[in-house]
Amino acid sequence: MWSRGAQFICWVFAVHLIGIWLFTRGFLLTRLALSEVNSCDVSDPNCTLSPSYKRMVFLIIDALRFDFISPDPPLPSSPYYHNVLSLPAELTKAQPDRSIIYYAFPDPPTTTLQRIKGITTGSLPTFVDMGSNFGGSSILEDSLIRQLYEAGKQIAFMGDDTWMSVFPTSFAPNMTFPYDSFNVEDLHSVDEGVIRHLLPLLHHVGHRLGPDHPTMQAKLQQMDNVLRETVELLDDDTLLVLLGDHGMDRKGDHGGDGELETSAGLWLYSKTRPLVDPQADIPAHLLTNRTYPGASTAHRSVQQIDLVPSLSLLLGLPIPFNNLGTVIPELFWTGKQATSFEHALRTNAAQVKRYLDAYRLSPAGSELDSAWKDIQSAWQGAMEGQVPALTMNMFTRYALEACRMLWAQFNITLIGLGLTTLLSSSLATFAVYDSLGRIVQWEPWLDRIASMTLRWSGIGTVSGLVVAFPLRPYVKDVAIFDYVAFGAAIASSFAVIKQALPARRLEIGSISSIPLPLVLHTLSFMSNSYTFWEDHVIPYLLLTSIAPFVLTGFTAPTPRLRTRILFFSSLFAVCVRLIAISTVCREEQQPYCHVTFFSGSTITTPPGLILAIVVPIAFGLPSAIRQYLKISKSDQGLANILLPTIFPSVLTSSSFVWILEWMESSEVLGPSCSGALRLTRTTLAWLSIGTILVVALTLWWLIPLCIKVETSEPAANERREVTIIGFANALGSPYLIFWLIFFSLVFTTTQLAGQVILALATVALLSFLEVVDSVRDVRALNLAFSSSKPSEFLAQSQETRSTLSTVGLRFSEVTPIALLALQVFFGTGHQAVISTIQWKSAFILTSSLTYPLSPLLVILNSLGPVFVFALAVPLIATWNTPPLPYPPSTAQNATLRACLGISLYFTSLLLGSAISSAWLRRHLMVWKVFAPRFMLAALCLVAVDVAVIVGYVIGFGRISVAVGRVFGSMPGANDAAKARKSQ
């Protein structure tokens, strides 16, 4: 099964990984976390202030959006979450000197781990830090938790176990009660566990159900009741802090930088001691206000990291070393006197300056080069200013903004190396793809290419190592491995290009041979508007890509071919339009987009129509697939075993898994049945996946062919006649069964609306295969009629029953499969934004977070649609292609070209998104639009490369071996076998 073609595909994958690695290292930089600790003497007045409070109760409600506690919620208000958690607004109105509400801005990305870092260290997160949200790593920076620990304070902890991963040794062992944090299925365990230990913590209701749900109202009411009990238990020396680590969008998701995701609530309360002075005469330039979307009035707003220096000084602690927040004026300003505030601000500004000085001397200090002069000037102005409250506040705010900009700096060298690697790999892939379609003796030629990639990779590795050492002093932030990887990739790529170019003959073909959708798709990433609406544009590109096939259908020489092409093209178009109905809207599409994947934009339950039709569709899909196989009479053998029994059972069970999940989350049968529903759906999910991986995959491996052999008794003086039913599609039908195994896995991890979309996409795929097969017949007939000896041409075609060897594979046949993969990605409830990740899929097999199973299920849910339809691309080469003459060299060549073609398509998309991200790196929406789309393109390319490796090496490789055992040793097989392809 391993061949030179497999080796070359693996080389392409490796070069893609190198290109992605280099570009990502240059584009998505991380901030250096300094390990210094602010260890000044608290008795020194320049270190901190005298403590105002001895203790603090620090409550975090996950995704507590500002409007949940705002006294002025937006209109129209929601009965589920507005004025439900009402205690903060009530106490602020009744006791304005002891209670204050803030509209807090958490820096994106708004993932839980990054916000924990922000609200404890006062530092800024970086875009790629979100990758560690699945498994938190210990915080090495100075933090409020560490300062409390160093001061000898006893720190009790109850709640989200993510805190234990970042502060593993800071909490008192006898007062630590962590609970599984990531399970969005479990609405109660964390809350009830925390309540049991007297500190409330809301978690996950919004994630699972969205804010507009009765369960959300019940949870907020529960938290309001517990808050009231907590307030009653506070003593005079205790400060109560309630905050959301981030906000949530309309569906209850978070992770990005949307306006609702970065709208967090913050409430501070002191039971008897005044917290703020209502008569304080604070200058307006020190106070910022922000209006919540839909609200009628602006509200006092702060940066969420401002909480870190403010709480540190209120507790009499040194400010954490890496803090970039600024003390909140109201907490330190008394009357018309700014003395206490100026003292706090001076301490704050000195700490920020020490941090910047230390960062300047660190290995990453060059990042500050462009802003250092202005930072020094701002510091000088702060020291010499006549109004310290103004000048020092300006310095700390300038330092924050400067660092925000600087930690979005890019390494142009690494970006250039990454783009060069991706571009060279694209040229090399195209050169080989094109040459394979022109060279007759392609196998020995590919042997030379595959050997060359190994040899020149070694040469490039050595060259990169040699060049690295003299260049390192002059080229910043480029590691030795970067030189080595780039050298290996670029040397082998140019070697392949040089070898393949002599075989290339440039020709000006017809307009139909130009991959126009690919060109438009790649160039469109320079537009942020297109990226917003990519999910709506792709259906038009997809329908455009089949237009040449439809035109061929109108000119087909026979009524049968004309009918087949137009019928299956119409069926394909209908499925594409139905798939396009399913949408999940990103923030930028509002108010022109309406969510149809869920019941509404603020609730994540499936639509009623989907609940009604999903089971019949899941059960009937294998029967529909069998009808397509019957066209070539290839519904025999393994297909006759799996399609009537195994696949209907698995797909139907997978639908019931998600129906039971809906019943559990919506409490259709009441909360008492939750445990039984959970157990039942978990069992069904295990049975579905186990049946596919154990039963179906084993049967396919042992008996992959979908044929039936019939023999007839010979008459006198005649040979025995052997009829092979399914012969005409002996390569395509077993590969379709192989594809359905992986399709079923993705189907199981996909929510109900997505399962309907997958079924429609399968029908579209099979319809397109029939269109391609018929169009090839048309082209073969046209070639025969235009040849000098049509009868000989037709006789040869009748012998092999394969038009693939006559007309070959075209890139235009690969393009619709690539576009279909992307449309299915969007249609199954995904977008190029972090907040559309469907975390529910992590828990279909377990009730809690389990490594590595949970991350794998989320990956399968997110990238599975792209993977499974990229895996289908060998069907373009194998569908209705007979196995003789053996070995099927033509099919092998076309399969390899199809795999390279779809990889080339997604590489072009990655290049387009990478170039646009690099070119527009200073664009206002680079982190909101271009960077997430680049990341999606990179992940999709990896999924596609893995799919074509699996498909070519395992799928086609195993089928080739099985075909060889049946047909390889048959003398005169071409004469004896009857290809029963329907006429």
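Each residue's number is its place along the chain shown, starting with 1.
Just so it is clear, glycine is given a Cβ too, placed from its N, Cα and C backbone atoms.
From a predicted model like this one, the values you see are computed outputs, not experimental measurements.
TrEMBL lists 6-24 (among others) with the feature transmembrane segment.
Feature annotation from TrEMBL assigns transmembrane segment to 414-433 (among others).
Per TrEMBL, transmembrane segment is recorded for 453-471 (among others). Sequence-distant contacts of the transmembrane segment (453-471) (same chain, at least 6 residues past either end, Cβ-Cβ under 8 Å): 7-8, 11, 478, 480, 483-492, 494-496.
Among residues of the same chain six or more beyond the transmembrane segment (478-497), those with a C-beta under 8 A of the stretch's C-beta atoms are 11, 14-15, 18-19, 21-22, 25, 411, 413-414, 417, 420-421, 424-425, 427-428, 431-432, 449, 452-465, 467-469, 471-472. Taken from TrEMBL, the feature transmembrane segment applies to 478-497 (among others).
Per TrEMBL, transmembrane segment is recorded for 537-556 (among others).
If you look up TrEMBL, you'll see 565-584 (among others) marked as transmembrane segment.
Listed by sequence, the residues of this chain that lie at least six past the ends of the transmembrane segment (604-625) yet keep a Cβ under 8 A from its Cβ atoms are 208-210, 251-252, 596, 598, 642-644, 647-648, 651-652, 654-656, 658-659, 662, 665-666, 736, 740, 747, 751-753, 755-756, 759, 762-763, 766, 840. What TrEMBL records for 604-625 (among others) is transmembrane segment.
Among the features that TrEMBL reports, transmembrane segment is placed at 724-746 (among others).
If you look at the transmembrane segment (752-772), the same-chain residues 6 or more away from its ends with a CB under 8 A from one of its CBs are 546, 549, 553, 564-565, 568-569, 571-572, 575-576, 578-579, 582, 596-598, 606-607, 610-611, 613-614, 617-618, 621, 624-625, 628, 631, 651, 654-655, 658-659, 662, 732, 743, 746, 813, 816-817, 820, 823-824, 827-829, 865, 869, 872, 875-876, 879-880. If you look up TrEMBL, you'll see 752-772 (among others) marked as transmembrane segment.
Marked as domain 'GPI ethanolamine phosphate transferase 2 C-terminal' by TrEMBL: 802-952.
Here the transmembrane segment (856-880) has Cβ contacts under 8 Å with residues 632, 728-729, 731-732, 735-736, 739, 742-743, 745-746, 749-750, 754, 758, 761, 765, 769, 772-773, 804, 809, 813-814, 817-818, 820-822, 824-825, 827-828, 830, 837-839, 841-845, 891, 894-895, 897-899, 901-902, 906, 939-940, 943-944, 946-948, 950-952, 955-956, 959, 981 of the same chain, all six or more residues outside its ends. Feature annotation from TrEMBL assigns transmembrane segment to 856-880 (among others).
Annotation source TrEMBL lists transmembrane segment at 900-920 (among others).
As annotated by TrEMBL, transmembrane segment applies to 932-954 (among others).
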Criterion met for the transmembrane segment (900-920) and the transmembrane segment (724-746) (at least three Cβ pairs under 8 Å): no
Contact set, same chain, for the transmembrane segment (6-24): CB under 8 Å, 6 or more residues outside the stretch: 128, 414-415, 417-419, 421-422, 424-425, 428-429, 432, 446, 449-450, 453, 457, 482, 485-486, 488-489, 492-493, 896, 899-900, 903, 907, 910, 914, 918, 938, 941-942, 945-946, 948-949, 952-953, 957
Contact set, same chain, for the transmembrane segment (414-433): CB under 8 Å, 6 or more residues outside the stretch: 8, 12, 15-16, 18-27, 446, 449, 477-478, 482, 486, 489-490, 492-494, 496-497, 500-501, 504, 811, 897, 900-901, 903-904, 907-908, 910-911, 914-915, 918
Integer mean pLDDT for the domain 'GPI ethanolamine phosphate transferase 2 C-terminal' (802-952): 89
